[in-house]
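Student: Feature annotation from TrEMBL assigns compositional bias 'Polar residues' to B:8-20. The domain 'CBS' annotation in TrEMBL covers B:783-840. Sequence annotations record features per position, and here TrEMBL assigns region 'Disordered' to B:1-20. What TrEMBL lists as transmembrane segment is B:159-181, B:240-265, B:285-305, B:317-333, B:345-369, B:418-446, B:458-475, B:529-549, B:556-575, B:603-628.
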Amino acid sequence: MVTMWKYTIFAFGIFLVHLSESKAQSYDDKRCKCICPSISSVINTTQPSTDRLNFISNVSPSTCNCEGVILPRLGDQIKGKEQIFCPRCDCKYENRNTAIIKIVVIIVIWVISLLVIYMLFLICLDPLLNKKIHKGTGTGGYQEHTNEEDDTTVTPGTSHPMGVRGNVLNRVGHQQDKWKRQVREQRRNIYDRHTMLN
Amino acid sequence: MEKFPLKGTSTSTASSHPALSSTLTTYHSVDAKNGNGVDSNTGDARLRSTVTNCTGSLSSDEDMLDVNHHTTASHTAGNNAFLERSVRLDDASSHCGVTFSGLQVSGDSEDIPGIGQYEDFHTIDWQRDIARDRMRHRYIVKKKHDSIWDLIKGAHDAWSGWLCVLLVGLFTGVAAGVIDIGASWMTDLKFGICPQAFWLNKEQCCWSYNETTFDGGNCTQWKSWPEVFKQSKDGAGPYIISYLFYTAWALLFASLSASLVRMFAPYACGSGIPEIKTILSGFIIRGYLGKWTLIIKSVGLILSVSSGLNLGKEGPMVHIACCIGNIFSYLFPKYGRNEAKKREILSAAAAAGVSVAFGAPIGGVLFSLEEVSYYFPLKTLWRSFFCALIAAFVLRSINPFGNEHSVLFYVEYNKPWIFFELVPFVMLGIMGGVIATIFIKANLYWCRYRKTSKLGQYPVTEVLVVTVATAIISYPNPYTRMNTSQLIYLLFSQCGVSNADILCDYNRNFTDVNSAIEIAAAEPGVYKAVWLLVLALILKLIMTIFTFGMKVPCGLFIPSLCLGAIMGRIVGIGMEQLAYNYPHIWMFSEECSTGVDCITPGLYAMVGAAAVLGGVTRMTVSLVVIMFELTGGVRYIVPLMAAAMASKWVGDALGKQGIYDAHIGLNGYPFLDSKDEFQHTTLAADVMQPKRNEALHVLTQDSMTVDDVDTLLKETEHNGFPVIVSRESQYLVGFVLRRDLNLAIANAKRMMEGISGQSLIIFTNGNNVQTHGPPPLKLKKILDMAPITITDQTPMETVVDMFRKLGLRQTLVTHNGRLLGVITKKDVLRHVKQLDNEDPNSVLFN
């Protein structure tokens, strides 16, 4: 299982590099966003309106203000009333990183789908496979629930000299069995006996 | 001699062998060269003298200190009493270390694997672990002068703590960034999708949307689900489609979260803070901080937050950070192999967790200090500080929300508050305390019901039912429909031009040149919003009661912040309208008469949020600092403090525990709270095991065979056995742990020739024992020769204090120097529960 993960991660890395190179240019990472009340509600006092005007432009942080963003666009309409209109506007300079967002979201989707697939595998196929193996060999005694990192101490029973490949597979299988036992133990504590995490 | 058997021997040794006890280095060289090669008589007596020194220093018994004086006087020229005393204590502690050098020959190489580790659901022995680390450290310091390589090793050892917390901080920041981005994207998936770039959430999708008209943040790039299916935007049909999609996505996310947790890592469910607290107080839960728990908790957290359930990601973030801390501590044997030292890393990790959850590094450190940590020396404080700093920095560079901050609901305030407002703030504190108490009581009742009834057998079904109920009830109300963090942001922020919500439907006059937004009359929109908020408050309170404790990763900070923010905002709007309509009454002291807005409803929301969170968790200092870091306004410290304090008082008066302590109690974790006082007059003799008419199971130092010990191990379930001189004279020699004994015997049977059932087990140096049969098994190495002992007349108050402050796992009770019994941490906990009229059998673990 470990090797499988490694390959997946490797392939996935290539995929990511590929993705980040071809990133969509239509989404900028910087913006200056100004929100103003509607012109009529400022100029023409008799018509209070809740409409808002929204301006987004790509300017430098120092010019992200009324003069830099709004006046070039609305200069004619609010001529002479800048002093009234401008303080009502709310300008904010923001930046983000779409590449990171993209990579993270794709990683999240991948991880969730891998976990779901593995879960389905464990639910559906694993009982069938295990039945076969257990009929054949009949191994699998109880091993103590020890420290996770004590790999060196708990493998005397399973290191049969079966060649490197068999050994790796055995080790992986053994790790998986150990993990499954731990999860079963956790499940018993929480869902059956209710001794923890209630 | 009869009265002080140990003291007698030790004084004589100390005076008759000044050469041996004069300097530490002699000890070491002797120990290192030939482990137990000293002449048996003196060696034994010397070690025994160190035992006395240790207990002497800890119980500060005058006679015992006198013995110390003998040993130290030869090489210290103490000028004043204080210096001498400190040197003495120092020396005594190093004597302990020497005793432990008997435990392990050298610092690094342990010839029996697994010694010093603990079994699942056991409490750790802080004293023993810290002594082991001191021993290891001294070994490294001594070796440092041998070669360059050893020097490098020593340097690596010295900075490994900082390196470890650096790594923990880095990865905690990254994990928090992933969770934040993932959750915000997935939350918006319930409403629609960004077809051109599916990985963007609604706000990011409309980031460059450059059309000047503006309706509630909708843009053409973002397609809501009805639009995706070529429907119009408004109307009954699209509304139903949106409703269905919302519910379906919520159901999908919640079911995925619940089944992933159930399938891969059941320990990933819940908030995790009660368990982290217990673990940091010295308890072992294997797998609770493992790799799978980390992965599943992160993924499950994203899913359960996006499902729209009333839960937050802040509490679980602490758990995630602690998982990262645990995993990285295995890179450094100094921490990975020593449970007491590992807890220093975990404390720092908890600080980093809060630091990234709220973007509040200092608040995180204080949270770790105030709420979760048990043992928090200054060194850990600095490491926590560093770890929190790194984590916050990394998260800030990832910039998950695009607002230059690590939380969505960061608001910046710079409005003054008037003195009279303290009254409503304290009122908010009181109301927060009441709401928090209602929440704690109801949630605890529900959790107990879940634990004992059939409901507990359907964890996934429960999640699904609650999710469907939440989704169906939440959708019609826009304030419950939106993400809870967004709602908090909305409630915290001021009404300005950029805020288009009906909450800000004021009759503002935009023509005034005055740039401040003046106080204004509320339009019907505000009243409608208030009613919706009241509904949202009730709904969220009820749903959170049912949600917290379900078998998905779920935290409590955000829901309680939200409850408080709603409450505070409503009160704030009330105050604001009061000030608008009656600007001249005395309490506003003329400050509201000029027409500027003197009341900021957002500030009330913040104070209310702090009040409810403070009432639920009973935090004070850390809470205020977190809130202050969230707003960046120093001037609100006093209102926040007032509210937090009032809320804590009310909470303490109405129900004595915070939610985390209540859950610790519910689960029966062995947590000895250092906040409670022990006020009963019982004695150690009343608590100790064995009770009257029962036999005390002990080992003798040189007269039991392997078979005897095996039967003893089979017949009893104690986790350790005192070793005495012989059955006839029950003088204490030391204490040996069951696990160590098991491991050592198994190891000896495997490795050593000729060990049979008839072999004697010897805990002394054993050179004077004449053996005729099979070779003896020497187990002096695993014997703790410095167990903490008390007399049977010691008041329990002292005993409880010793357990808390020294982090003991057990203490031995003697009478006239003879061993009488044992008090374990479990006995103490059960005793405390019994005296508090609770069921003592609810303490479940060892």
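Heads up, the Cβ atoms here are built off N, Cα and C, so glycines get one too.
In the displayed structure, how are the listed features positioned relative to their neighbours?
Tutor: Within the chain, the transmembrane segment (B:240-265) has long-range Cβ neighbours (under 8 A, six or more residues past its boundaries) at 186, 189-191, 224-226, 229, 231, 287, 290, 292-293, 295-297, 299-300, 303-304, 306-309, 459-460, 463-464, 466-468, 470-472, 475, 481, 550-553.
Within its own chain, the transmembrane segment (B:345-369) is flanked in space by residues 161, 164-165, 168-169, 172-173, 176, 276, 279-280, 289, 313-315, 317-322, 324-326, 328-329, 335, 375-376, 380-381, 383-392, 395-396, 405-407, 410, 557, 619, 621-623, 625-626, 628-630, which lie at least six positions past its ends and keep a Cβ under 8 Å from the stretch.
Here the transmembrane segment (B:418-446) has Cβ contacts under 8 Å with residues 541, 544-546, 548-549, 560, 563-564, 567-568, 571, 575, 587-589, 591, 598-599, 604, 607-608, 610-616, 638-639, 642-651, 653-655, 657-659, 662-663, 666 of the same chain, all six or more residues outside its ends.
Using a Cβ-Cβ cut-off under 8 Å and counting only residues 6 or more beyond its ends in the same chain, the transmembrane segment (B:556-575) has close neighbours at 271, 310-315, 357-358, 421, 424, 427-428, 431-432, 435-436, 439, 479, 484-485, 487-488, 491-492, 503, 522, 526, 530, 533-534, 536-537, 540-541, 544, 547-548, 599-613, 616-617, 659.
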Student: How about the transmembrane segment (B:317-333) and the transmembrane segment (B:285-305): do they have 3 or more C-beta pairs under 8 A, pairs 6 or more apart in sequence?
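Tutor: Yes, the transmembrane segment (B:317-333) and the transmembrane segment (B:285-305) are in contact.
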Student: Mind checking which residues reach the transmembrane segment (B:603-628)? Cβ under 8 Å, same chain, six or more beyond either end.
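Tutor: For the transmembrane segment (B:603-628), the sequence-distant neighbours (Cβ-Cβ under 8 Å, at least 6 residues beyond its ends) are 354, 358, 360, 362-364, 366-367, 369-371, 411, 413, 415, 417, 424-425, 428-429, 431-437, 439-440, 488, 491-492, 556-557, 560-569, 571-572, 575, 634, 636-637, 639-641, 643-648, 650-652, 657-661.
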Student: Mind checking how the domain 'CBS' (B:783-840) divides into helix, strand and coil residues in DSSP?
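Tutor: Result for the domain 'CBS' (B:783-840), in helix, strand, coil order: 23 helix, 18 strand, 17 coil.
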Student: Can you give me the average pLDDT across the domain 'CBS' (B:783-840), rounded to a whole number?
Tutor: 86
